[in-house]
Amino acid sequence: MSRLIFLGPPGAGKGTQAMRLANLYEIPHISTGDLLRTAVQEQTPLGKKAQEYMDQGDLVPDDLMLDLVLHRLEDDDVAKGWILDGFPRTVSQASFLDHLLAEIHQRCNCVLNLEVPDETLVSRMLGRGRKDDNEQTIRHRLEIYHHETAPVIDYYRERNQLVSVNGNLSMDEVTSELTKVIHP
Ligand code: B4P
């Protein structure tokens, strides 16, 4: 059974690789970015609140995110495993997730950290052309990543759960590196 967490800066390829591994291991891919974008598109109460943070490149506040993940992890399909992509992004989200998993008697097998230099990230995201992918917003998201999300890497390293993988390779090479370190 695979329960995997993907960490890495914006544009590192978390979404790309998480989708591939979800297909390979036949487990759900839970992307908080995708869940938020759907909520924005459908203009749900959460979507209305999240939109301005996302457009600015800011993190959506923890209370909204915790609720979203809590509900998704209650769905039936997660019993066979899951890949969390884009969550946790703050130490308080990581600590919440630990408590939640303990409560439902689950444990994540592996925290995967994709490492990619900032300049590669900027050019990848400019090429992707999503609504929040203009250069100013991208630079802001990278700053927030280094400030708020990088400590999450230390959090999992201290708990001996972290595996770092070079994300600065072709998509196929990254997938191949990931499958070598994951033992489902
Ligand atoms: P996300 O949707 O998580 O997006 P991301 O981090 O920007 O991208 P990702 O790393 O998944 O890169 P991708 O595979 O697309 O977050 C969006 C926003 O939602 C955040 O800014 C925030 O506001 C909010 N949010 C989400 N989760 C949150 C949370 N937990 N708390 C608070 N706020 C939250 O790859 C990028 C591009 O590179 C693609 O075009 C891809 O084709 C290309 N690419 C990928 N791998 C490549 C490779 N190996 N070589 C060349 N190109 C590659």
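Quick reminder: no glycine exception, Cβ is built from N, Cα and C everywhere.
What TrEMBL says about a protein is an automatic prediction, not a curated fact.
What TrEMBL says about this one:
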BINDING   Gly11, Ala12, Gly13, Lys14, Gly15, Thr16, Arg128, Leu169  ATP binding site
BINDING   Thr32, Arg37, Asp58, Leu59, Val60, Gly86, Phe87, Pro88, Arg89, Gln93, Arg130, Arg141  AMP binding site
REGION    31-60  region 'NMP'
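Mapped onto this structure are the features recorded in TrEMBL.
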| residue | record | DSSP (3 states) |
| --- | --- | --- |
| Gly11 | ATP binding site | coil |
| Thr16 | ATP binding site | helix |
| Asp58 | AMP binding site | coil |
| Arg89 | AMP binding site | coil |
| Arg130 | AMP binding site | coil |
| Leu169 | ATP binding site | coil |
Which listed residue (Arg89, Arg128, Arg130) has most other Cβ within 10 Å, given these are binding-site residues: Arg89
Distance, Thr32 (AMP binding site) to Arg128 (ATP binding site) (CA atoms, angstrom): 18
The one of Gly11, Gly13, Gly15 whose CB sees the fewest other CB atoms within 10 Å, among these binding-site residues: Gly15
Rounded to the nearest Å - Cα separation of Leu169 (ATP binding site) and Arg130 (AMP binding site): 22
DSSP-derived structure type at Thr32 (AMP binding site), helix or strand or else coil: helix
Taking residues Thr32, Arg37, Asp58, Leu59, Val60, Gly86, Phe87, Pro88, Arg89, Gln93, Arg130, Arg141, which bind AMP in the record, the widest Cα spacing (Å, whole number): 25
Extent of the ATP binding site in Å [max Cα distance among Gly11, Ala12, Gly13, Lys14, Gly15, Thr16, Arg128, Leu169]: 17
Spatial separation of Val60 (AMP binding site) from Thr16 (ATP binding site) - C-alpha basis, Å: 21
Cα-Cα distance linking Val60 (AMP binding site) and Gly11 (ATP binding site), given in Å to the nearest integer: 17
Residues near Val60 (AMP binding site) in space but at least six apart in sequence (CB under 8 A): Leu36, Lys49, Ala50, Tyr53, Met54
Residues that sit under 8 angstroms from Asp58 (AMP binding site) by C-beta distance, when 6+ apart in the chain: His140, Ile144
